Amino acid sequence: MAFSLHSKPLVLQFMLVILFLLGTRLHAADPSLTLDYYASTCPVVLETVKKEMECAVLSDPRNAALVVRLHFHDCFVQGCDGSVLLEDTITLKGEKKAPPNIHSLKGFRIIDRIKNTVESDCPGIVSCADILTIAARDAVLLVGGPYWDVPLGRKDSVTASYELANSNLPKAEEGLLSIISKFLYQGLSVTDMVALAGSHTIGMARCASFRSRIHGDWEATTSGYDPISESHLSNLKSVCPPIGGSDNNISAMDYVTPNLFDNSFYHLLLKGEGLLNSDQEMYSSVFGLETKELVKKYAADPLAFFQQFSDSMVKMGNITNPESFVSGEVRRNCRFVNT
């Protein structure tokens, strides 16, 4: 096993975990979330979201990953309350320009289109937070992933948090223990973390997120000489040279089946070919005894991965913002609080 060149010193890593655990606030599904929440008020919502997502994914399969990422980044800040969708205004500082979001989040127009269609069917009924959660499920399904039932009834937050977006969201260069602590803080387990990371099977990453990985410890984690791996590394270095204006160049995190939701991502980790340091550490870190076994499990058993991913997505989607059930609303426009 190899140490990551980008991991924090061991003592600091353990201190981070302890600090996060001391402050952990476990979230449970609010009793307002139910599978039939819109059965009488907007019975067409599921079909409407599905049709719009079908159009989006047919036009570009990468749109599936964009929507899943939006949902993830929403839920890790204030719970799944649509706060990530809010634009900056004179009185509100949104989350879109926070460092983990500013270059990585897209797909907002997809959610706008879905919201507009839903509003024409059921004005003022369905929250943007619920639309995003349903769309993420449909996105996964449309590129070959599993289905799961989505509990509904979220309200849209009237606030956002630039600060929490910067502190709560995992970063590509982050060490394993620090990332685990961020999941535990949300009430998500190590198993949830490894399963949810599997969504990177359909994701793309910017050069700025993997430059130090491919020019640093790539060969230290790669197992044995593999001509395909050598060729892949060469291609990555051409996309992402060590210097120059290439920060926004992108590469698939799963170069084998980039538009198919499968367990190929875990096979790449077994070979040391995880594009992001944060992903590869799940298999290669000396702290990853549990995560390594889970990576091997999901690489060997795609059905086990699909089942756990479904369960973990429901669990993540049930992270609630208690304040939104008191002061929240159903936004007419997902980008702005109602006036």
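Heads up, the Cβ atoms here are built off N, Cα and C, so glycines get one too.
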Disulphide pairing with Cys334 per TrEMBL - partner from Cys128, Cys207, Cys240: Cys128
Cys207: disulphide-linked cysteine among Cys122, Cys240 [source: TrEMBL]: Cys240
Least buried by Cβ count (within 10 Å) of the binding-site residues Asp74, Asp81, Glu95, Asp254, Asp262: Asp262
Model confidence over the domain 'Plant heme peroxidase family profile' (32-338), averaged pLDDT: 94
Nearest of the binding-site residues (Asp74, Gly79, His200, Asp254) to Cys334 (disulfide bond), judged by Cα-Cα distance: Asp74
Cα proximity to Cys207 (disulfide bond), best match among recorded positions His73, Gly79, Ser83, Glu95, Asp262: His73
Within 10 angstroms of His200 (heme b binding site), Cα basis - recorded positions out of Val77, Cys122, Asp254: Asp254
Other CB atoms, at most 10 A from the CB of Gly79 (Ca(2+) 1 binding site): 25
CB within-chain contacts under 8 A for Cys75 (disulfide bond), separation at least 6: Gln186, Met316, Gly317, Ile319
